[in-house]
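These features come from TrEMBL:
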DOMAIN    32-146  domain '1,3-beta-glucan synthase component FKS1-like'
TRANSMEM  202-219  transmembrane segment
TRANSMEM  239-261  transmembrane segment
TRANSMEM  273-292  transmembrane segment
TRANSMEM  312-331  transmembrane segment
TRANSMEM  382-406  transmembrane segment
TRANSMEM  427-446  transmembrane segment
TRANSMEM  452-470  transmembrane segment
Amino acid sequence: MNKFFKNYRSWCGYLHCKSIVDQFPAGADRQQLKLLYIGLYLLIWGEASNVRFMPECICYIFHNMANEVYEILFANVDLVTGGTYLTPHGKESFLRDVITPIYRVLREEARISKGGKASHSTWRNYDDLNEYFWSDKCLKLRSPMNPNADFWNLNADFFVLSDEIRSASKRSKKVAAGNWKPKTNFVEVRTFWHLFRSFDRMWIFFILSFQVMVIIAWSPSRSLTAFFEEDVFKGILSIFITSAFLNFLQASLDIILSWNAWRSLKLSQILRYLLKFAVAAVWIVVLPIGYFSSVQNPTGLLKFFSSWAGDWWIQSSYNYCVAIFLIPNILDTLLFFLPPLRRSMEHSNRQIVIFLMWWAQPKLYVGRGMHEDMFSLLKYTMFWIVLLISKLAFSYYVEILPLVGPTKLIMRMRIVTYEWHEFFPNVSYNIGAVIAIWAPIVLVYFMDAQLWYAIFSTLFGGIHGAYIHLGEIRKLGKLQSSFDLIPSAFIDHLVPLSELDRITNFTGGSEKQRIAQKFFKVWNEFIRSMRMEDFISNRERELLLAPDSPSEVSVIQWPLFLLASKISIALDMAKDFKRKGDAKLFKKIKNDCYMHSALIEFYETLRDILCDLLKDEGDKRIIGKICYEVEDSIKRFKFLHKFQMGNMPLLSVKLEEFLKILVDGKKNDSEIIEVFQDVMLILTQDVLSNKILDNQIDMAKQKFKNINIQVTQNESWRERVVRLHLILTVKESTINVPMNLEARRRITFFTNSLFMRMPKAPMVQKMLSFGSVPSCKGVIQLYSISWINYP
């Protein structure tokens, strides 16, 4: 109920009408009523066609039809039988009587727009029509589904089309009240003054800051400490007069830019514009009078204003006027730093709160309470404080201060005639020359804010991006070093909590293996999709894929492109660590998780393959004895002492030959046995120490002739052999896989996206539909719970 009717309840509260879904008569089955309301809403939404793009219109239709359902269930009682009865509306009455009139309005407005080429003020789009239902005027429309009314109120201004308005205006020079319907809240007026009105706070701040810096730079000390000098501070107080004139310009632009929408504005909104204009006009008179009356020994225009003020104005009155003038700004600043309070006030539908917020901004249905949290506002404010301090410091010391001295010198010069008298008229103080040298500086002063913003955005964005690991994986070389972190990032962001519990409680394997196995399912689908689009080759696909099914290996089975050359590198390292001891060798191997995983997986998989291949129990016991010696020597840190590392490359070559024969599957039994005997011969005579062979079965007499050739036909067994052969033989560097640039871009983008800050993924059953249009016929729309939860 809360998800379905959240917008409807908000709409009812905004229009101060009772919500139908919250009315439950005594003795009524609440669950049944809720199901009826939900079903009614879904039926309306499903048949609404393009009206779906007008959500408040949908709320209005549901409000009327839910009210009718309520009356049918609890008011229309048959006097004879005592049961309820339905009012017949006919077949397809909803489409015919409800949707069609609205659709005609949409169709005509689309025709009038001429494909979007017509003037914005001459036609209404979806938003303009939807805004009609933000006002209680929409409640005057009579629903055709109401048995007491047969039609919509087609005389309402909602159904009066824009072309009818224009034609009626041409005939009668005016339209009767209630017969026109222009834009609801906004009509676009294209003018360059939008450059000021859209960024009015920035322009006002820069203009006032420029005035303050010029006053300080003009002082005798020309230092920032001059701000606290009495004469300089009095001059700085004049910025409030400048602010009053700028506010008057802002109020005037509000009226001019909204003039075309005044026909449809509420009286309260029009009154707000007029009062703001009147208050701004009063301040541009009061503040100059108060300031000029406080100046001692005024001359010229200052003397005129001082004499006009007379004795009724005391010097301190200007300070009180400034305090009153700043009250709206102070309150606005407090609400800015208290977003929870402002959010609750904007969402409130109480008349007293609406009246208090009325002066700050007009009340609209959408956009209310859209404020960031206090921590985000603090970061945003600190960013702009640092930026503006840097910008103003640069402007003062580099742009303004160096020009003050030359300006004073030019103003003291007395030039009778100019060679270019058209540009520099004969006026006092050489004002033309002063304007010529200050104009570029003023222009740069207002424009370099973009440069400072670009610099600070780059610095702060880079720091923030590095903190959240944004774009951390830029090359495939970095992908290899960070790939072990990707499964956990995938689980944290894209696996619901309930699903995560199911993965954690799954029996078998370590927690890291279970997490990696869950991620590998998505990773493999991603790699296969690139192969389907022919971005990678079959060879690259095999190197990038991870095993689909879990195995009995005790480590994570990483994709092969991460394990390339790890075996050969480990063998070379082992030859150099003969004198350094086992502990340092094992530590260095474990520092590389991929090398450690490759060695463990190769050893355990080879052991299982040999045990499956051999039939004779004696042969299996020999393999088991060798494996025991390997594991025991590793535990006791005597591996380098019991095994000859110098002969391990020879064993590696022979194992590669043996695995290649098994992969091909075309050799006969004798060839497999012969190569396998060579492997065992090298292992027992060249790799194993002589001390291991003491008191053991004579290995020379063991021929390993009895093998299970049938196991080579097993598909899962062959997959393990193929992977084992690739681990041993693949030498490609990670940087070369894949070769296609688009495939590399997709892989880095996919892995980077997992480290981005994102909300937790909900369960599939709790997700709402992303589309606003139903799917076509023949598309499966119902899925079983088992299919959705299939891992």
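Note that Cβ sites are derived from N, Cα and C of the backbone, with glycine treated the same way.
The structure displayed is predicted, hence computed values, not measured ones.
When Cβ distances are compared across the two stretches, the transmembrane segment (452-470) makes contact with the transmembrane segment (382-406), since 3 or more pairs at least 6 residues apart fall below 8 angstroms.
This prediction places the mean pLDDT of the domain '1,3-beta-glucan synthase component FKS1-like' (32-146) at 78. Within its own chain, the transmembrane segment (239-261) is flanked in space by residues 121, 182-187, 189, 191, 193-194, 196-197, 200, 203-204, 207-208, 211-212, 273-274, 276-277, 279-281, 283-284, 287-288, 291, 322, 325-326, which lie at least six positions past its ends and keep a Cβ under 8 Å from the stretch. Helix, strand and coil counts under DSSP for the domain '1,3-beta-glucan synthase component FKS1-like' (32-146) come to 79 helix, 2 strand, 34 coil.
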